[in-house]
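Worksheet: one structure, shown below.
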Amino acid sequence: MQCFRTTYLRLPSTQFCIYSICHTGAYCVQTGRSCIRFGLPRLAAAGKTLRQSRRFHLNRADLEMTDQGLTDEALAAACKDGNPITKDFMMQQTMLRVKDPVKSLDFYTRILGMTLLQKFDFPAMRFSLYFLGYEDKKEIPGDVKERTAWTFSRRATIELTHNWGSETDDSQSYHNGNSDPRGFGHIGIAVPDVYAACKLFVEEGVTFVKKPDDGKMKGLAFIQDPDGYWIEILSPNGMVPITSGGTSG
């Protein structure tokens with residue numbers, strides 16, 4: 001019976017490519033040899049550690065995951081139920097540093113249609129925060145304290161952070177994560193019609209990374225905000241044919 005805790009790893013430096021580590025030990029999938037017999041004590045030790053604690057840590061330099069991505073078994077082992085206290089957690093905000101708040105606020109409100117939920121100034125530290133989201137202006141509380149609690153209870157908001165003076169500093173710019181060293185990728189905006197949205201973006205002079213009919217993924221676009229951050233423009237129903245080429249777990 002296959003152990004659901006099994007993790008498969010590829011070691012290019014060995015003649016036997018794939019090893020299995022699970023709570024029963026570490027062994028070569030192809031030969032069945034244990035790692036300690038085959039001269040790989042680190043993997044053997046990992047299997048022993050997993051038997052004792054049900055978890056292990058290995059250096060990437062010592063081993064690599066197979067080039068097929070996660071198997072269903074490995075995926076199931078990696079995604080576990082959270083602690084009961086997390087049942088009311090939610091994704092509340094993504095923070096982006098912006099050079100010029102006037103340009104950024106115009107882009108996110110007038111072009112993307114977001115609503116400014118609240119602004120916070122911190123004079124002692126010389127920066128301001130602008131929270132935006134897709135909310136009805138009529139629902140924003142008038143009382144400041146109530147508005148603050150309401151703002152931080154909204155889902156999937158954008159927090160624009162402006163360090164005062166950056167708008168006049170010619171040397172100031174922010175890394176968008178899509179050039180080396182890569183990190184942050186993009187945010188995503190769902191729209192009813194990608195092509196209609198992109199027609200508006202073209203008219204407004206928005207910078208495109210990818211137009212809907214470019215590349216292999218048709219009906220999907222990427223644009224850039226004034227600071228160069230990437231924004232995916234997608235239609236929920238349009239994602240079905242786009243993702244049908246792969247497998248879904």
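Cβ coordinates are placed from backbone N, Cα and C, and glycine is handled just like the others.
Annotated active site, proton donor/acceptor per TrEMBL: Glu232, in sequence order. For Glu232 (active site, proton donor/acceptor), the number of other Cβ atoms no farther than 10 Å from its own Cβ, over all displayed protein chains, is 16.
The annotation Zn(2+) binding site is assigned in TrEMBL to Gln93, Glu159, His186, Glu232. Of all Cβ atoms in the shown protein chains, 16 besides its own fall within 10 Å of the Cβ of His186 (Zn(2+) binding site).
Positions annotated as substrate binding site by TrEMBL: Gln93, Arg97, Asn163, Arg182, His186, Lys216, Met217. Taking a C-beta cut-off of under 8 angstroms and a sequence separation of 6 or more, Gln93 (Zn(2+) binding site) has the following same-chain neighbours: Phe131, Ala156, Thr157, Ile158, Glu159.
In the predicted model, the domain 'VOC' (90-236) shows an average pLDDT of 97. Sequence annotations record features per position, and here TrEMBL assigns domain 'VOC' to 90-236.
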For the binding-site residues Arg97, Arg182, Lys216, the one whose C-beta sees the most other C-beta atoms within 10 angstroms: Arg97
Summary of DSSP states over the domain 'VOC' (90-236), given as helix, strand and coil counts: 35 helix, 46 strand, 66 coil
Count of other CB atoms lying within 10 Å of the CB belonging to Met217 (substrate binding site): 18
Separation of alpha carbons, Lys216 (substrate binding site) and His186 (Zn(2+) binding site) (Å): 19
